[in-house]
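Q: Got a structure here, written out as structure tokens. Questions coming.
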Amino acid sequence: MKNPTLRAAAAVAILGLGVSLAACSGGSSNSASDSVRAEAEYSGPQVDITFWNGWTGGAAPVLVPQLVAEFNETHPDIKVKSNAMEWADITQKMPLAIKAGKGPDVAVAHGDDVATYAAQGLLLKTDDVVEALGYDEDDFPEGLMDAGQFDDSQYGVPWSVTPLGLYINKDVLVKAGLDPETAPTDQKSYLAALEALKAAGVQGEWADGYVFTGTFEFESLLWQFGGELFNEDVTEATFNSEAGVKALTWMTDLIEKGYSPANVAQDGNINALIGGETAFNWNGVWQTTNEALQSVDWTAIPVPQIGTEKAVWSSSTHWMFPANKNQDPDKSAAAATFVKWMNDNSAEWASTGELPAQNTVREDPALLTDYPALAPFLEQLEYARYETVSPGITNAMAEVTTGVNEAMLGKKSPKEALDDAAEKATQLLKQNKAQYGG
Amino acid sequence: MANPSIVPPLRGGSGLRGAAARRKTLTAYLFLAPFLVIFGIFVLFPAVYGLWISLHVWNPLLDDHPFVGLQNFFDLFTPGSITYGDFWESMRATGIFVVASVPFLLAVPLAIALLLNRRIKGGTVFRGIFFAPYVLGVAVVSVLWRYLLDPQLGVVNAVLELLGLPSDIPWTVDVPWAWISLVGITVWWTLGLNTVILLAGLKGINPDLYEAASLDGAGAWRKFTSVTLPGLRPVMTFVVTVTLLSSANMFGQSFLITQGGPGTQTRTAIMYIADQGLVQNQMGAATAMSYVLFAILAVVSVINFRLQRDNTK
């Protein structure tokens, strides 16, 4: 739509539609609407609802059916059918399934996907759910509700968070004559530890340029140095700022100064930590449940503050209510009740290597009694930063990884790598805006 | 034209037998019909539909598919456009892989086939051994080699260290090593197929020709160049074409072993097209790229066929 008059007309039409839909979603139970009618306790007719999720690994395949069975038992009006498949399969299948009216009634997505789904018109608004279930921003870690928003509406309800932490192989520290109980917290102490390790012949942190480790370390450092990935309205990449260059230079310096080997392969660093060849690894909370790691005397602490402020990367997952063609409002309402119950009963979720999002659950002292390794991750949530919310954002984020990768492999200087990546990312953001609006 | 021996002449030729020939043609088409229907639905229709898609900004998840004419194609040839740099880099990666792998995928299987063609003890066993990797899936092969070739923790570098050789080679991480790995793995993985086909070709060469050549005083090399190679020509044409095309379509190895790195240097054309179409939902751009790739491969195939034509007559 290049024609401005046409575009304005369309905007008016869409606005009008929105208003009329909002008007009829007010309270009547069975009206067609673009948002979910919600009740803390579902009170409609008996319904079967389907639930799609990508939890196929670790403890989840046992835990999810358990939770669902428990829910079904206590809610005779609702029967939830859980359907687990690979995340990648969900990403490919769900949009088409929803368009065909065959999608699930409730699903879970990663934080960086919610806005994309919303912009594609695949989701019901959940502002009413949040309100009816009595949720408030303060019920979740700071910034997490925002991560489920698009275009001033709520589309996701938080379920879990997964921040980065610093994993330590204690035996390696001891061998290098370091006290594993006095962990590094800032640039000075971290460098001192790396220096001591180097003197003992150990490369203390294996830095790489891959997603999950290098990319997320770069983002954490970027924020720590006061930078941002993108500008406010996500139309321009800004990760090549001075802060970004500082962050990436810190990482390439690890190699330069001999603290890290060059050319580390993907997952090489966590494998090296498990193999006792390195002492530190910046990695996600999901590694707490890595079985191979349990053979090692390990601990995790908050990532050190290298820059001028505290910050750490985190991802999140959110509940979504698909806008299937002819979606039955009763089913969506029942799904909301399911979501509330799941969140309230999510304490066991920690066993899968993710932190339950709901504060009351996470702050229950029992959680740390059962899962003491999570303490440092919980501690960081105060200043954790979540993924950028913007439709189609994953393409721009892939450019960040490419840039970090090129710098870490010495193909380009940090500045050059980030400049090139930012230029490309900005181009992609423009394309996203043109296609998804918002 | 070349080799009349491959395809037996279909038509009788003389006017008297015209009616019979027509009936034969009809029968042939009847037998072909089931295949043609499937071919039409799953190959021809998508190909034409793809051409239509390539004329649009086609995000399958949005209802609106704006028509942009040939813009997607123009973008591919306009420096600075959103796809130009990445696309041609991926084409370059594909080119490097084809040029580096095809000679090995022809020469090595041919050498093995020649050895296996001699009457040696346990020939069948060796044939099995060489063919074995081919039955593995690309995921298995890639994961296996990713572990073996890990620069710091892999077995290959560890063995090199034992031998006192450089042991910090970034096999899966940096070029040119990543290319050496990708080509080496692919050759190891797929040489069995070409070997078996070439072996069948060798068995098809009339032994009398070798005997005649011997009587004329030809040595081993002369026999190879004057009897074996010409005898293999039809089989070779097939093998070269199939190998060229499958190398140009390489995807899984790069995707799983190097993740397209360093940066995007080992991201092949198919890998970039798949990312554009299936991950970024830019179907229009992706189909346009597919057609450009198709056009180039078509030209390469034609050149290949011409080069392989029998010029000795």
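Glycine is treated like the rest: Cβ placed from N, Cα and C.
Per TrEMBL, the features are:
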- B:91-304: domain 'ABC transmembrane type-1' (DOMAIN)
- B:26-52: transmembrane segment (TRANSMEM)
- B:96-116: transmembrane segment (TRANSMEM)
- B:128-148: transmembrane segment (TRANSMEM)
- B:177-200: transmembrane segment (TRANSMEM)
- B:232-252: transmembrane segment (TRANSMEM)
- B:288-307: transmembrane segment (TRANSMEM)
Q: Among B:26-52, B:96-116, B:128-148, B:177-200, B:232-252, which stretch has the most Cβ pairs under 8 Å to the transmembrane segment (B:288-307)?
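A: It is B:232-252 that shares the most Cβ pairs under 8 Å with the transmembrane segment (B:288-307).
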Q: If you count Cβ pairs under 8 Å, which stretch among B:26-52, B:96-116, B:177-200, B:232-252 touches the transmembrane segment (B:128-148) the most?
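A: Comparing B:26-52, B:96-116, B:177-200, B:232-252 against the transmembrane segment (B:128-148), the winner is B:177-200.
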Q: Sort out the residues at least 6 away from either end of the transmembrane segment (B:177-200), same chain, that have Cβ-Cβ distances under 8 Å to it, and list them.
A: 96-97, 100-101, 104-106, 108-110, 112-113, 116-117, 127, 130-134, 136, 138, 141-142, 145, 149, 169-171, 232, 235-236, 238-239, 243, 246-247, 250, 253-254, 257-258, 261-262, 265-266
